[in-house]
Amino acid sequence: MVVKKYIVALDQGTTSSRAIVFDHQANIVAVAQREFTQHYPQAGWVEHDPMEIWSSQSSALVEVLTRAGISRHDVAAIGITNQRETTIVWNKHTGKPVCNAIVWQCRRSQAICLDLKAQGVEDLVRQKTGLVLDPYFSASKIKWILDNVEGAREQAEAGDLLFGTVDTWLVWKLTQGEVHVTEPTNASRTMLFNIHTQEWDEELLDLFNIPRAMLPEVKPSCAIYGYTELAGNHIPVAGMAGDQQSALFGQLCIEPGMAKNTYGTGCFLLMNTGDKAVESTHGLLTTIAIGADTKVNYALEGSVFMGGAVIQWLRDELGLITDACDTQYFADKVDDTNGVYLVPAFVGLGAPYWDADARGAIIGLTRGANRNHIIRAALEAIAYQSRDVLDAMSKDSNVPLTQIRVDGGAVANDFLMQFQADITGVTVIRPQVTETTAMGAAFLAGLAVGVWKSTDELKTMLSTEREFTSTMDITTRATLYKGWQKAVSQVSPNGDVG
């Protein structure tokens, strides 16, 4: 019998649906991508059409097999990784969504969260879920749908409606409505899942007034959930994780103290804390991760709102560059920023400050400051913000970081990676394959069906493209970082958080 040697990872993101074929050595064979429509019905509201999510993802799957030049019979399994928190509610008999998906960025359920805060339940929610009471997470979105979509509450009470994050929706569609399932990393972002008991929490369901029957079964992140006939063959759907946890697993940050930073539009930093759910006192979230041999682990998570978006701003709004790749060239033309700090609080500040009212500023301008200094300050700001979160992680976990693994578009910038190493004093490891989010899903699926035997075997497939080690002396590092903290304090009263 010929061994099926390919894994397909479905990477369902906020702006596009992608499918990536990996071979038995975890090399990328082919990629297909389909963008889909963003809907903004009101200020602060963000929606996706669940049927368009499905059509874009299913067509990307069919296309990638053609691009790879492989038969559906060669596919050992399909893994899924997805945008987290985005909420879909549909009728289980017709398969039709009751409304558009409410996207993680959507703030429409703010009033629900404020009402619950006024009831004094914030600490209870935090203790059970590791999350802050915020519209970002799924629970308030589900409640909003049940309270505002005509007939939804009645259908839900009658047991006719199903809820799912995007992973659940994709599996349900792939299996033609046979399987209603999620896994712990996605469940942990709903604000209905007790991360300590690893079960749906009745008290939280009562708090948000959500019927238990709507919720999917929670299975391990590495398991065969069902089979799809979509590509014309009986293919196992066999491994899932939310995008950031999938990237953490794709980087094999499976031991306590290992951390990764994904440099995208924002920056997402996760640190594995092993079997201990560390409660943060420094503005981080506690969430579920995947550890060695796919056991449930915990992680600390911090998000920086403005990462690569700062570079887009330099290009699109200020016109200082014509291409993001130019930033390294201009930053390298000067030895430092000439005392300039750019605090990119365009939509407030994320972890560890959590100040929605902070606004951006360029500080320290003198007559000698020029374009190169401002561009360099923008790149340095991404690294400073990442250090803010890494320092918080070290304080919360009592584990000093010695290295951080990186992925995402901005890691191609050598200046940024070197400055990240310099300002943290931590070794920055850039992998050969930077598609680590999809790779995490592929690893989980491959382990579930026996393509790979263990996480130890996976370690042999990860290769490092380059390591960046600090060349900055301790005094310079301390002086520069103190300047950053002072700059942040000028735009936010929370700036002295460190």
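Even glycines carry a Cβ here, placed using N, Cα and C.
Since this is a predicted model, take the numbers as computed values, not measurements.
Spatially close to GLY409 (ADP binding site) yet at least six residues away along the chain are TYR263, GLY264, GLY308, ALA324, judged by Cβ distances under 8 angstroms. Per Swiss-Prot, ADP binding site is recorded for THR14, ARG18, THR265, GLY308, GLY409, ASN413, and the stated evidence type is sequence analysis.
If you look up Swiss-Prot, you'll see THR14, THR15, SER16, THR265, GLY308, GLN312, GLY409 marked as ATP binding site, on the strength of sequence analysis. Residue environment of THR15 (ATP binding site) contains 12 other Cβ atoms, counted within 10 Å of its Cβ in all protein chains.
Annotated sn-glycerol 3-phosphate binding site per Swiss-Prot: THR14, ARG84, GLU85, TYR136, ASP243, in sequence order. Counting only residues at least six positions away in the same chain, the Cβ atoms of ASP11, GLY13, THR81, ASN82, GLN83, ARG84, THR437 sit under 8 Å from the Cβ of ASP243 (sn-glycerol 3-phosphate binding site). In the three-state DSSP assignment, the secondary structure recorded for ASP243 (sn-glycerol 3-phosphate binding site) is helix.
The glycerol binding site annotation in Swiss-Prot covers ARG84, GLU85, TYR136, ASP243, GLN244.
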Sequence-distant neighbours of TYR136 (sn-glycerol 3-phosphate binding site) in its chain (C-beta under 8 A, six or more apart): GLU85, TRP104
Distance [Cα-Cα, Å, rounded] between THR265 (ADP binding site) and GLN312 (ATP binding site): 9
In whole Å, how far is GLN244 (glycerol binding site) from THR15 (ATP binding site) when you measure between their Cα atoms? 16
For GLY308 (ADP binding site), the three-state DSSP class is helix
Suppose we draw a 10 Å sphere around the Cβ of GLU85 (sn-glycerol 3-phosphate binding site). How many other Cβ atoms does it contain, all chains included? 25
Least surrounded, by Cβ count within 10 Å, of the binding-site residues THR14, GLN312 is GLN312
Lowest 10 Å Cβ neighbour count of the binding-site residues SER16, GLN244, THR265, ASN413 is held by SER16
